[in-house]
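Trainee: Shown below is the structure under consideration.
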């Protein structure tokens, strides 16, 4: 099955944060708090997915107040931080939502994401993901993590599902015919 066919089945899309929604660099404030930089267009891409009825979840191995704040600001359906077993977390989410792995997508960037990427129906990575990840995903973004890669994947997914133009028309203030 090709990437487009896999993407058309996606009803839930999961995302890692570090290296996907951010550029992967870690910044620490004077009190030891973690600071993150997010691209606003990536956030809007997630909101477009949700507006199209796709469940958006975050599953990250790292936990920080900045990550919690970003998830809350975006209104993602579920935010799981400090996760050691991403695949088990996804399986729990899918069971609770009555979805299959073939209906799930995930975007990750490093070797710790390989298991979940290979078990989802659709997988994606930013341009600067680890080579082992890039070799195995269905879609590799042209943009690097933290610089619009998430938005690129969201737009591509919506276009593949023939939902993108309707969202553009809604943004223009008129429904598509």
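A Cβ is built for glycine as well, from the same backbone N, Cα and C atoms used for every other residue.
Note that this is a predicted model, so its numbers are computed, not measured.
Okay, so TrEMBL annotates it like this:
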{"type": "BINDING", "residues": "16, 109", "note": "Mg(2+) binding site"}
{"type": "BINDING", "residues": "18", "note": "substrate binding site"}
Trainee: What whole-number Å value do you get for the CA-CA distance of residue 18 (substrate binding site) and residue 109 (Mg(2+) binding site)?
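Mentor: Just about 8 Å between their Cα atoms.
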Trainee: Given a separation of at least six residues and a C-beta threshold under 8 Å, show me what packs close to residue 109 (Mg(2+) binding site) in the same chain.
Mentor: 16, 18, 19, 20, 24, 125, 126, 128, 129, 130, 133, 145
Trainee: What residue among the binding-site residues 16, 18 has the most other CB atoms lying within 10 A of its CB?
Mentor: 16
